[in-house]
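Swiss-Prot lists 20, 23, 39, 42 with the feature Zn(2+) binding site. As annotated by Swiss-Prot, domain 'CoA carboxyltransferase N-terminal' applies to 16-274, with the evidence given as sequence analysis. Residues or ranges marked as zinc finger in Swiss-Prot (evidence: sequence analysis): 20-42.
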């Protein structure tokens, strides 16, 4: 090995080990992945990328849709980093092209459109691409007469796109209304965290709203609310279980039971007489 080889950038090796965010136990990364990112020690549900969600929920031979719709730096926005540079870095390092990936496939032989958000892509924030992909996914569900399932995780609207990102709240809500008017079931699966403009738009417009255990779900953060109302909030405030007790979600379902639960709902809502 020469001196230049010594200084040359080495390929990044995958980490063999990881740590549970909840119980702090050290786990084999491969073990966590094969368990669909549910901690085998404490049952904590970690974030999972869209392609793993698709492999867990869908049968083989599904298609990925609308990948040609890509983000644009409309405003030449810069915070700690230029938005254009942030997108370029994500293009090189992320396994998704945006914070939402849309799949067309079958869930236990039932045709569905599946849209899945990715928190690792700028906090799962909703910008113009997320709004447009969700709209097109909903219209495809209407056109093909099959249910739309959306797995949601988000920090809210994408600040780098300013008012354009806020417009997506209206766009996605209208898309859900079109599905409702055409009798197409829309099911949302809320994962940790689901907050901000996404929770204030399509996330809570599902015909059935499912949440994963102990997910943080809400609009503003608990600390912001406490500072505003000057009151102490309940310890389990904004958790899936708290929202279930208050009637804001319909059921709390473990990730390993999600496919069977969705199959039962699809049979009940749409495919019973198929």
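Glycine too: its Cβ is placed from the backbone N, Cα and C atoms.
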Quick one, of the binding-site residues 20, 42, which Cβ has the fewest other Cβ within 10 Å?
42
Around residue 23 (Zn(2+) binding site), how many other C-beta atoms are within 10 angstroms of its C-beta?
12
For residue 39 (Zn(2+) binding site), write down the residues of its own chain that are at least 6 apart in sequence and whose Cβ falls under 8 Å from its Cβ; none is a fine answer.
20, 22, 23, 25, 27, 32, 45, 46
